[in-house]
């Protein structure tokens, strides 16, 4: 990559914490190199406390765009000049574009489309399905909304009663009023309702981040009876490649156990297009990422 850097190189960033596990820098930098684009992608350890300064830095330094991950996807919105209609519906942002590098920051969301495409690539069609989703943060909200837009029969959201719960109530209202999908929200502490919902669902999606460091020894599902041969289990975490949830699902005979690598790839491809105006070489990047994960 050093051979590509020059005084004209445009910088793209990632602001999140924790950050060291992220494959986004590799994905984007390899794509830039493959296409001969004079861009570089760097990750910065940024939480909510540093977020305002980080956004000001994007403006001041002329950084052309940034991906945004936990815990900043909702917190960043007040610092932006504009958000896309999809981001407004979701109430979260995972991609920021600095229009012409002049400091006008526009927020977008690509998580939901990335997740649905990742499922489709695994042969899983969400249309007319009952889906249980745990987690109502930025990623979970984006997925829930996209499931509604793409025709799921029901989306049953479970989340602990934290700051995200009130936002999830608004998300449920939006899905019910703007799509044909029936959405509901339940406290994750109600384990009987949680298990019953999964028993009635064909797809279970965990968007909580449980299973990623430092919670790699945890899983929201610990009862083998919850796992069925016709149940698809999808965890948005991709590092580790096999979370405790996915290992448990495989051991107890789930139809499919899918990690978040595909979601990361496809949401990244959409962000890449927003940053550069070019199509990411998805097949090339997919081979690189999946081969690395298999080592």
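Cβ from N, Cα, C; glycine included.
Worth saying up front: this structure is predicted, and the values here are computed from it rather than measured.
What Swiss-Prot records for 22, 23, 24, 69, 94, 111, 238 is shikimate binding site. Residue 111 (shikimate binding site) has a Cβ environment of 30 other Cβ atoms inside 10 Å.
With a cut-off of 8 Å between CB atoms and residues at least 6 apart in sequence, the same chain places 92, 93, 94, 137, 138, 139 near residue 73 (active site, proton acceptor), listed in sequence order. Swiss-Prot lists 73 with the feature active site, proton acceptor, giving sequence analysis as the kind of evidence.
In the three-state DSSP classification, residue 138 (NADP(+) binding site) falls within a helix. Feature annotation from Swiss-Prot assigns NADP(+) binding site to 135, 136, 137, 138, 139, 236, 260.
Other residues of the same chain near the shikimate site, with their Cβ within 8 Å of the Cβ centroid of 22, 23, 24, 69, 94, 111, 238, are 14, 16, 67, 264, 267, 268.
Considering only the residues assigned to shikimate binding, 22, 23, 24, 69, 94, 111, 238, the longest pairwise Cα distance works out to 17 Å. Taking the C-alpha positions, the distance from residue 135 (NADP(+) binding site) to residue 23 (shikimate binding site) comes to 22 Å. Look at the binding-site residues 23, 136, 139, 236 and count other Cβ atoms within 10 Å of each Cβ; 23 has the fewest. Taking a C-beta cut-off of under 8 angstroms and a sequence separation of 6 or more, residue 24 (shikimate binding site) has the following same-chain neighbours: 14, 41, 43, 67, 264, 268.
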